[in-house]
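Chemist: Okay, so Swiss-Prot annotates it like this:
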type	residues	note
DOMAIN	10-100	domain 'EH 1'
DOMAIN	42-77	domain 'EF-hand'
BINDING	55, 57, 59, 61, 66	Ca(2+) binding site
DOMAIN	139-223	domain 'EH 2'
COILED	286-400	coiled coil
């Protein structure tokens, strides 16, 4: 499995951008997202493909999770992680809450993959094959009693059933993913009965099944309405993505699953992320688009100057005229000045301390580019005059 992930610091940074663009809304339209996406200076066709990949639910808008996906894809492209937009969304970038949509899409296009699961303990001694989905009347009655004693006002279950069962956490996670592919915080009665049946059979020595009969899965997903308004208000952006601030535990995957499982059941931390109004443009990061683009423009300017010098030297037969040499010195001095400004911006020195923006430097580079173009035109006109003078001299010699 890939070690890549969207870090908590990235999520908080993306939230600042999302909150400023959405004006308190939950989704971004194409018009709202266009300014920040086009600021990357990627081609329009690339941005269109990134939008298609990020818009997992195909509703024509981006919610916060989808916006995070789009931003990470853009940053990876700008910084050379990808040569082009990937044909499919990498598994590590798929939002957990939308994994079922991606799986359905891949199934329709012939690229179906399984949901992320902890590996089955196939070598565990004593486990048997032959799991039977049939519930005996006595077992079903027992499951219904547990359900009735723990359901909430809407008839859903949101508590940790596995705490009283002698079942490994990895198997609990496999069973939960199996009956709850949409990663909802609560499950219905039918799904609860199936969940208890799977865990009961695992306790009796049967392996967790890998699939659910289609008819049974349909009953899990029928009439699923999200009443948990607090889930949208309380959960922080980092919590939505399963980020826990880098905490490590000695129990490895089981502990990680426990945290994810509690979060899915709505029993996670109560803290929430609240935008503090931080100016995102002042954030120091090596992945900042303006900085990357400025370095690229400086490299293009250097290449252009070298090209002009080579062309001038070729035309003059290796001789250096006073005017081109002066132009070169001026351009070199200007280039050194721009390099010093870039170093100051990267290190936080110079004008960057009082709020000088990379946008201003980019504007100055555009001005320099225009000056270079003007000097090239002037050089060509002077060369043309020189050629005309040479031609007049030759004509005068011939006439004599």
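The backbone N, Cα and C atoms fix where each Cβ goes, glycine too.
Note that the structure is predicted; figures quoted are calculated from it, not measured.
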Chemist: Here are the binding-site residues: 55, 66. Which has the lowest count of other Cβ atoms within 10 Å?
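Modeler: Comparing Cβ neighbours within 10 Å for the binding-site residues 55, 66, 55 has the fewest.
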Chemist: 57, 59: which of these binding-site residues has the sparsest Cβ neighbourhood within 10 Å?
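Modeler: The binding-site residues 57, 59 were compared, and 59 has the fewest Cβ atoms within 10 Å.
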Chemist: State the mean pLDDT for the domain 'EH 2' (139-223).
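Modeler: Across the residues of the domain 'EH 2' (139-223) the model's pLDDT averages 77 on the 0 to 100 scale.
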Chemist: With an 8 Å cut-off on Cβ-Cβ distance and a minimum sequence separation of at least 6, pull the same-chain contacts of residue 61 (Ca(2+) binding site), or say none.
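Modeler: Once residues fewer than 6 apart are set aside, residue 61 (Ca(2+) binding site) is near 27, 28, 29, 30, 55.
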Chemist: Neighbours of the Ca(2+) site 55, 57, 59, 61, 66: Cβ within 8 Å of the Cβ centroid, same chain, sequence order.
Modeler: 27, 54, 56, 58, 60, 62, 63
Chemist: Where does residue 66 (Ca(2+) binding site) sit in the DSSP three-state scheme?
Modeler: helix
Chemist: Kindly report the helix/strand/coil residue split of the domain 'EH 1' (10-100) according to DSSP, in that order.
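Modeler: Taking each residue of the domain 'EH 1' (10-100) in turn, the totals are 56 helix, 4 strand, 31 coil.
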